[in-house]
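Residues or ranges marked as region 'Disordered' by Swiss-Prot: 1-44, 625-676. Taken from Swiss-Prot, the feature compositional bias 'Basic and acidic residues' applies to 24-38. Under the heading transmembrane segment, Swiss-Prot lists 128-148, 170-190, 249-269, 346-366, 414-434, 437-457, citing sequence analysis as support. Residues or ranges marked as compositional bias 'Basic residues' in Swiss-Prot: 633-647.
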Amino acid sequence: MNATLNSAGGKRQLRFRGDVTGSRVEELHHQQQEEQKQKAPLAQDDVAATPTATPAAGSAQQRLQSGTAETCTNTFYDFFKVEMTRGYMLEHDEERYSARRQKIYSFMRIPRDLERFMVYGIMQCADSFLYIHTFLPVRFVMAVWALVSRTVARIFRLRSSGQRLLSPAEICDLLKGVIWMTVTLIMLLVDTNRVYHIIKSQSIIKLYIFYNMLEVGDRLLSAFGQDTIDALFWTATEPKNSKREHFGVLTHVLFTLIYVFLHSGLIMFQATCLNVAVNSNNKGLLTIMISNNFVELKGSVFKKFDKNNLFQLTCSDVRERFHLSVLLFIVVIQTMKEFDWSITQFCVMLPDCFAVLFTEILIDWVKHAFITRFNELPESIYREYTTSLAYDMTQTRQKHAFSDHSDLVARRMGFIPFPLAVVLIKAIYTAVSFENLAAWLLFLLAYLFAMGLRICLTICALGKACKLMKEHQTERNSSTPSSMTNVPVIGAAAPVSAAATGGQNHNNNNNNNNNSISIGSKPAQVTTLLTPPSAGHLDVSKNFSRTSIASTSTPKKAVSEQELDVTNSLELGATALFSNSDVDLDDVCLNEQVTNTNTSSAVQEVYQEQDLVRSQPDLMLLNNSGDGVTSAKAKKATQRLPKRTHKRSESEPGMPSMVEKGGAAGIAGGNQTTQL
């Protein structure tokens, strides 16, 4: 009976032999004995070859055994001591830890850069909002006066019938004033006190759901409203000779009135809900409304954002913050009117208003900090956003702008001032009585204060815009030379006459046409000169060719037109940073005039970019160097090919030439020459 046992990592065969007197176990190490017999001659040869190996091996074995014995004798105290005294070498991963530290610093700087953009965006929103209350009534009165006076002049034939009664700007001002006053008069018929008590009688859950529905509706109407207003303005000011495909001006006026009325009613319900939450004895509704911002944080942080998406989100946050500030101002007016303008009630409700506004600001900080952290966006991106708003500001301050500033702000941030202005006028009209002269004097002072504030905001915003544009253009001017590293910089060389320059150009072109580089076993070495040689000592062997601008691909221009104003050429429009659809990649080329602003205007010369050495012979050129029939076929095939819109890569061969070359005789590779 045989069995197998594992002992000391080896296998032993045990045979049990039975006899008459009892049993005896014999251990038979067959495999071990055979292995020892096989290894014995080899070990003797090794010992004879290296007699000093045995003592060294013995000492190593002794050290191993002693180390094993020491390891076996380690205690828990030794383990605890090693864990308590273990060292750290952080400098071995210095780059990773430095990057982590910079990310933390960038995370902490995000609120500062975000608030700079927020302040500038709120300035533009306030400028557009105050325009409705200050300058629009004056422009509306001027438009009405122009309409009446010009109509009377046409009746008495003091004005020709071919002239338009109103300019496009006057038509837009007239329509804005009519819409604003009509919706305001309709909203004054709504009883705000009854709406307040109806909302207050509802449960907290119903009010929470209703407030969320109002927020969603506000965003949807803001996205839809500006298109309605733009359609009305274009329909009213469209030229008569153009093809009219619309419903008519009255239909668009009706659409716009319905939109402004619905949006104004929605904002009125928002202000009433916020008023109930602030003035209620149970602060549960206010707490739920504040906690609603954290739901927005959850829905925004864990999404992927790029520069354009983050810009839209940031502009939406600017609009929401300004919108919330105006709503809180309306709530304060309504509450103070109910408590007879008591300063005690103002001090009671002020902390709640600050809590709502501070929560909105804090959520914006955390949201943008984590969005930039997760999407690897730098904090300097908010400066680019501010620069884009600066270009919007300057574009609408021209004498004949394409649109009103409020319209452009609405398109950029989704802020439409008309509904919010209607609700504010309703709140002020119901809170203040105009029964005596003092009230009208206070109203006049308030109007003058609002106009002065709007003028100050315009001056500050426009000055900030000019400063940002100047800094942006300076950065672009400083970065323009670095983007043209392949073009050698022409230094202040010795003056050369036009005749000498023309002679040198002719000689250089002839020399370059006669020279060729033979491609052998070793590739040619290309040397790039950072500083070009002077005009009088130009080395032809460097393979530089000099040609005038008239021989380049750019069209010829007069000498007066060749002067370039770098500052004016780098000015961008409203969508300068984010409008990639305006660039045609097929027409992109290097503007030689940028590099020649310091040269003479008579004959301007540049160094052409040095050709690259190909990794293999030019198959098109080799095909042309063959017999005449094959070359003619290749030319015809090349002419039939469609025009390429992009460059072929250096290692990409010409496929038609390879097909035509298949029937021709082989060409020796060692004697081929390619002209660069």
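The backbone N, Cα and C atoms fix where each Cβ goes, glycine too.
What you see is a predicted model, and the numbers here were worked out from it, not measured in a lab.
Long-range contacts of the transmembrane segment (414-434) within the same chain: residues 125, 128-129, 131-133, 176, 179-180, 183-184, 187-188, 190, 192, 219, 221-223, 225-226, 229, 260, 263-264, 266-268, 271, 315-316, 318-319, 322-323, 326, 329-330, 333-334, 336-337, 406, 440, 442-443, each at least 6 residues beyond the stretch ends and with a Cβ under 8 Å from a Cβ of the stretch. Under 8 Å from some Cβ of the transmembrane segment (437-457) lie the Cβ atoms of residues 123, 126-127, 130-131, 133-135, all in the same chain and six or more residues away from its ends. For the transmembrane segment (249-269), the list of distant contacts is 175, 178-180, 182-183, 186-187, 190, 192, 195, 199, 210, 214, 217-218, 221-222, 224-225, 228-229, 231-232, 235-236, 327, 416, 418-420, 422-423, 426: same-chain residues at least six beyond its ends, Cβ to Cβ under 8 Å.
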